Each structure stands twice: as C-alpha cells, then as structure tokens.
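One structure, pasted below without further comment.
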Amino acid sequence: MSLAHTAAEYMLSDALLPDRRGPRLKGLRLELPLDRMVKFIAVGFPLLLMSLAFAQEFSSGSPISCFCPSNFSIRQAAYVDSSCWDSLVHHGQDESGQHKTKSLWPHKALPYSLLALAVAMYLPVLLWQYAAVPALSSDLLFIISELDKSYNRAIRLVQHMLKIRQEGSDPHAFWDELEKARKERYFEFPLLERYLACKQRSHSLVAAYLLRNSLLLFFTSATYLYLGHFHLDVFFQEEFSCSIKTGLLHEETHIPDLITCRLTSLSVFQIVSLSTVAIYTLLVPVVIYNLMRLCRWDKRLLSIYEMLPAFDLLSRKMLGCPINDLNVILLFLRANISELISFSWLSVLCALKDTTTQKHNIDTVVDFMTLLAGLEPSKPKHLTHGMCDENP
C-alpha cells in the first residue's frame, strides 16, 4: 500500500503545472493569424507597389516621351517633356468636332494613391490596437492564469483526498464526507465560469473586431470605386496630345498647337492597377470568413475545459448568441493555445475519458485523477452493501 501511495503521489506531482510568475506570457498573440496575414498583405502590398513605381520612375527618367518637331533642340525637347508631364492633359475633339480635354492625372498620382491606400488599410489596425488590445490583453492574462490554476487546484484536491484516504482508518467516514462535499459543490471554483458568463453580456471587444473588419471591407470597396472610376478611364490610353502654347509661348508661330506624347510607364500603371484589384479581391473572402467565425462557438475548446470543476458552460447550456466578447476571447484563446499548458493535459484526459469503461462515473479531472491515483471515483459497492447490511 505504501508503494502504491508513493507512486500515486509521484504521478500527481508530475501532473501539476509549473508556477509561472514574473515576466510571463511575453508571446501573447493579440491578433488572430488570419488578421495578421490580412494586415501584412493589405498594408504591405501597396507599399511594395509604391516603391516599385518610384524605382521605375527614377531608373527610366521621364515617364513620357514626346515627339517634338525636328527643329527643336535637345533642351527644347526636354522642356516639352517636362511641361507635358506637369500638365498631363489630353487635347482632342469629341464626335461633334468640339474641342475637349481629359486629365490623365491618375498616372502622376499613382505612387501617392498607393501610399494613401496603405495608410487607409492601416487605420483599422490602429483602431484595434488602441480600442481593444488593452482590455483583451488583461482578459487573456486572467483567463489563461485561472484555467491553469483551476487545473492545479483539481490536482492538489486529489492529492489531499489521497492523503486523507491513506491516513483515515474508517473508509465509510471518508466516502460519506466525499459525497457530502460533492453534493454541496465544495469542489467547484466558480469565479472563472462566472467571469466568462459575464463576458457574454459584454460587447466592446466584438464591436471593435466587427468595426475593424467592416472598415477593411469599406476601404476595399472604396479602392474598387477609385480604380474603376479614375484608372479605367485612362487604362488603355498610351498616347495623348499635349499643348505647350501657354504663357509666353502662346504667340509663337513656329510651335505646333499640339504635340503627341507617349506614356512610357503605361505598362507599370496597368500592372499596378490589375494586381491591386486581384490581391484585394482575394482578401475579401478572408475578411468575410473572419466575420463569419463570430457566428459560431468554438465548442471543442469549451468541451475540453468542461473537465474542470465549475466549468460547465456547455452542459448547462449557458451559451446564447455567439456575437459577444466571450466568443472573441475564445478565438484568441485558441490562437494562444501554446500559452495554455493545461490544455495538453486536459486533451489527453479527455481522450482517455472517452475510452474508459466507466464513463458514467467520470465527469471532471478530479474524478479521473482520483481513478488514476488508485481511488474509486465513487463509493465502492462492497462498502455500500456493507452499510445496507448493517442497517436492514
């Protein structure tokens, strides 16, 4: 008996989690993996295109090439290129023969519009960082700490039960006291469960998360409108007619009215426009999926922690509408599963619980560890029959 008692003590001591004090949980993830991916692509991709646009402009010189008259000198030709790029206005005629002009400014504004797009896509990230991250961080620290502490309390409770059983001389008194404690719910620590139940009535985190993803969809839609309205109008126009007869040159007769210019950077403009549409089109389903995850509970995580005493949100059917702060916290608990040391232990115990032949006697980790320590999870039958024989 002494050897079995010692082995049970060693087994329970190994099952205890280490106490994490001081600077802990430094690697706490305050962004979901898909949100992080969306952030890097939505912000980083336009910055990459902007750098490529500036690099192309600096490497190839002037983004336009004008066909000047043969009597123009090199300096005059350079002036024409500079003047036409500054104005970037196409002079032509409509179907009725009336003079009309069309601005080609999207070519000139391309790098700056990409910068504005990157800043706009970063605004939802800033909103999340300042509106939700402080509260979410404190919630996760408390919940992760309490989940691991609840597991340790359950193991220490089994150690105490084993010690009392070994030191006690009357097994009837031990089992009577144990059943009384279970009926009066002594083994339950409801602080965490009540805290999580309160989070179902809170909506600050879920509002910030919905607003973050809604803003991403809004800015994406605005990007589509900008590209469709401004870029599509000049998307295929490679040449335009430029007029330099302004100011002091207005009365010069040897200068032609219109000079034909060619946009040498049109291919870059087209590639940037098409790639922007393609990338943000691929991001839209990811953002919608992030929003749809708020419409269902992560019941697998909850079912594993149902083995803790007083953590029966599922069995009591306490879960209502999933659009609340508790569901957001569960999503981040899943993302920070590496910080939950008790999760791996409870996952193993759940797997063993499903294969045991006494499923009806095992509800919590206390019951299972009691069984592993060599104690019955409920009063043995021979003691029950003995009590019945003594009291006919």
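Glycine residues also receive a Cβ, built from the backbone N, Cα and C atoms like all the rest.
Source: prediction; values computed, not measured.
Pasting the feature list from TrEMBL:
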- Asn71: N-linked glycosylation site (CARBOHYD)
- 37-55: transmembrane segment (TRANSMEM)
- 109-128: transmembrane segment (TRANSMEM)
- 209-227: transmembrane segment (TRANSMEM)
- 268-292: transmembrane segment (TRANSMEM)
What residues in the same chain, six or more past the boundaries of the transmembrane segment (109-128), come closer than 8 Å to it by Cβ-Cβ distance?
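Same-chain contacts beyond the flanks: 31, 39, 42-44, 46-47, 49-50, 53-54, 57, 208-209, 211-213, 215-216, 219, 222-223, 226, 269, 272, 276.
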Return the count of C-beta atoms lying within 10 angstroms of the C-beta of Asn71 (N-linked glycosylation site), excluding that atom itself.
7
